[in-house]
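Undergrad: This structure is in structure tokens; I'll ask about it shortly.
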Amino acid sequence: MKTQVIVSTVDQGLLSAFNFALNLALIKLWQPAEFGVYSIIFMLSFVLISLQNALINTPYSVLVPASDNPNHLRSTLSLGNGLFVVTLTLICYGLLQLPFLHQDYSGNLAITAFFATRLLREFLRCRWSSELILLPVLIADLLFVIVFMTLVGIWQYQHPLSQFSLEHLLWFLSLSQLLGMVYLLKKEFPLFALTRWSKLPGHYAPIWDQSRWSLVGVITTELQNRGYIFIVGMAFGPTVVGFIQAGRVFFGPLNIITSAWTRIAKPTLAKLHAQGEKQQFQTLTNQGALGFLLFNLVFGVLLWLLWPWLQPQLFGDQYPGIGFVVAQWAIATLLFHLRSTYSAAIQAQNRFKPLAMATIWGASLSLGILTALALAQASSWVIFTVIFGELVAFSYILVLFAPQLQPRWLPER
């Protein structure tokens with residue numbers, strides 16, 4: 001497993017560096033309002049990916065590695081993902097035509113293309129990672145970065161950088177994602193022939209028994225982790241969204257590193273659970289949590305030491321008081337990483353119903369406090385609601401991970 005984790009970490013590190021550099025460049029180039037719009041679109045793509053994770057990716061990473069005859073599951077979930085992407089693409093494009101959004105035709109196409117290619121790429125990355133075949137994923141992501149940088153370089157050679165707009169960014173990202181995964185897409189087509197479209201509902205029905213609870217968990221997790229963006233956007237406007245998201249710029253890439261561990265750990269934990277290896281199961285999960293705890297503490301100390309230099313270099317005078325926002329995000333990110341580690345273990349056990357209850361409690365309390373802050377116009381404490389929700393959900397999941405401590409008021413496994 002160590003080799004796979006190293007390759008996955010290199011892959012996620014590449015994407016972390018790319019996203020970090022891109023966000024810093026956009027903060028420098030754009031005003032907070034435009035960066036806020038970009039943040040909303042980017043977060044919406046994560047919402048769609050979370051739905052995909054619940055219905056397709058998580059069942060794949062848990063069921064396929066633990067199955068003795070996985071070809072049927074591979075075909076069903078691959079075909080299901082194709083239907084999912086096409087359906088969501090059409091829905092997104094239709095919603096973007098609503099008059100109150102004031103979007104032009106080309107802008108709608110750019111947003112839709114970005115969502116569609118991002119969903120395709122995410123499934124392929126998850127599928128190959130779940131099979132523990134990681135080198136093609138690394139190559140695809142490397143091609144994505146190279147193509148994007150090439151497109152931006154060609155554009156900058158012909159135009160001043162000040163004219164680089166959100167629409168340009170979305171088209172370049174879409175084309176880069178599509179070209180980067182050509183090889184992975186080519187390998188996907190043979191799976192489509194193994195299952196008929198007419199048989200798909202019947203084949204997916206057993207998967208739905210668990211994924212429906214995963215879907216509930218995803219919806220509540222998104223409300224907890226990203227719901228603040230939409231509430232803040234409505235209550236305070238895109239400028240405040242841009243300000244809050246700018247403070248997160250250091251930590252967004254860290255979440256991608258978490259994915260490097262969970263992509264490998266989840267199928268590995270599923271195999272251990274299927275084989276009844278309880279001790280190894282618990283040890284691997286606890287080691288992951290300890291690693292993320294130490295990593296976040298070291299990163300936080302380094303950020304604190306370098307802050308007097310980083311703040312004027314990266315934010316200048318456009319983001320006064322950003323240090324308080326950054327400190328809140330540091331705490332929220334630590335809790336998110338710990339929760340994600342133990343959540344992966346619960347998912348590997350197919351315990352999606354009790355896991356959903358953890359995020360239901362976290363999201364309900366988080367959004368309740370956020371609504372009160374919005375009514376009080378206290379925008380500086382918005383991230384506190386994310387911290388509180390993460391703390392509630394993490395505490396609940398810890399109890400689930402230790403069944404001997406499970407009280408009677410928790411739902412049955």
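Cβ atoms are placed via backbone N, Cα and C, with glycine included.
Reproduced below are the annotations present in TrEMBL:
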TRANSMEM  12-30  transmembrane segment
TRANSMEM  36-56  transmembrane segment
TRANSMEM  77-96  transmembrane segment
TRANSMEM  132-157  transmembrane segment
TRANSMEM  169-186  transmembrane segment
TRANSMEM  288-307  transmembrane segment
TRANSMEM  319-338  transmembrane segment
TRANSMEM  358-375  transmembrane segment
TRANSMEM  381-403  transmembrane segment
Undergrad: If you count Cβ pairs under 8 Å, which stretch among 36-56, 132-157, 288-307, 319-338 touches the transmembrane segment (12-30) the most?
TA: 132-157
Undergrad: Can you work out which residues elsewhere in the same chain, 6+ from the ends of the transmembrane segment (288-307), have a Cβ less than 8 Å from its Cβ atoms?
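TA: Distal contacts: 250, 254, 257-258, 261, 265, 323, 326, 330, 333-334, 337-338, 341-342, 344.
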Undergrad: Go through the chain and flag residues at least 6 beyond the ends of the transmembrane segment (381-403) whose CB is under 8 A from any CB in it; none is fine as an answer.
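TA: Those are 221, 224-225, 228, 232, 244, 247, 282, 285, 325, 328-329, 331-332, 335-336, 338-339, 342-343, 345-346, 351, 354-355, 357-359, 361-363, 365-367, 369-370, 373, 410, 413, in sequence order.
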